[in-house]
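TrEMBL has this to say about the protein:
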DOMAIN    1-171  domain 'Major facilitator superfamily (MFS) profile'
TRANSMEM  29-48  transmembrane segment
TRANSMEM  60-77  transmembrane segment
TRANSMEM  83-106  transmembrane segment
TRANSMEM  118-141  transmembrane segment
TRANSMEM  147-166  transmembrane segment
TRANSMEM  213-240  transmembrane segment
TRANSMEM  261-282  transmembrane segment
TRANSMEM  326-357  transmembrane segment
């Protein structure tokens with residue numbers, strides 16, 4: 001898992017930057033990921049049926065070739081511009097099979113009393129990958145270019161999935177239909193959960209797709225962005241371990257409200273990020289406060305599961321994520337087309353959607369047994 005996180009982290013933060021280097025506008029970059037969200041909404045149920053047949057772990061394995069093709073396609077994009085409209089499909093397939101497979105395997109081994117600690121352990125491994133990857137990727141880009149990063153990342157992905165060939169797997173049952181998923185959207189009891197998922201979906205999209213472009217505009221070099229990302233990631237490790245333990249010992253609802261407040265001000269701080277030194281401190285604070293928010297939020301989500309319905313809830317969550325992006329991201333694209341303080345307005349929107357996270361507190365967790 002560490003190698004997979006290292007490989008993906010090496011590339012993911014630099015994909016919007018790479019597209020920007022290829023002279024794609026921020027609007028076009030957002031449209032690229034908009035296409036991926038569209039594919040996720042359309043293909044979520046067919047992918048879920050495939051995951052049930054393949055098994056959770058082997059779905060992670062099955063997702064890897066799609067990501068490698070995606071990376072190789074990015075390498076060929078400058079010479080083959082039409083790939084811009086095809087590559088989001090491969091990103092979609094990777095995300096669907098990997099996310100469903102990972103979450104199903106995670107829930108199958110879940111101890112509700114230790115959710116926070118387990119999530120913090122997983123996040124710590126991810127962060128160690130995130131510490132190394134921007135440094136390594138930034139240096140590789142500086143000396144060998146983006147192509148070398150794509151190739152090395154693909155090789156690490158291949159190595160990382162080898163253990164999946166030799167481990168036992170679980171095959172979840174599909175005991176729901178598309179009608180069940182659609183009905184969830186209209187049930188009043190799910191309104192708070194939908195809004196909370198929407199908050200995450202929009203805020204994270206701006207953070208992943210707009211913020212990196214802003215960083216490259218401020219710093220001017222991918223190598224410097226890598227340094228900032230690595231130092232920020234290092235600062236979050238202590239917070240992750242602390243928050244994971246607190247989420248199990250204390251009320252995750254209260255921790256979530258506190259984390260939301262911290263993270264809200266983190267996004268507001270980006271409005272004053274007009275120089276390299278300011279950006280460094282603001283990015284570090286924002287990353288730390290994000291982890292303080294995400295761990296109790298994720299802990300509350302995983303505590304919702306019923307054993308016979310958790311796959312349905314996973315598919316529903318994914319569809320909410322991407323359907324909300326289909327609705328809101330065109331607005332962000334329009335802001336960049338109008339070009340009136342587009343980054344400022346985007347970061348304000350991200351801060352406002354952050355305030356939706358705590359609504360998961362109102363979800364009917366008390367009705368769930370795990």
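Yeah, the Cβs are placed from backbone N, Cα and C, and that goes for glycine too.
Long-range neighbours of the transmembrane segment (326-357) within the same chain, counting only residues 6 or more positions beyond its ends whose Cβ lies under 8 Å from a Cβ of the stretch, are 25-27, 30-31, 33-34, 37-38, 41, 195-196, 198-200, 202-203, 205-207, 210-211, 214, 256, 259-260, 263-264, 267-268, 270-271, 293, 297. The average pLDDT computed for the domain 'Major facilitator superfamily (MFS) profile' (1-171) is 76.
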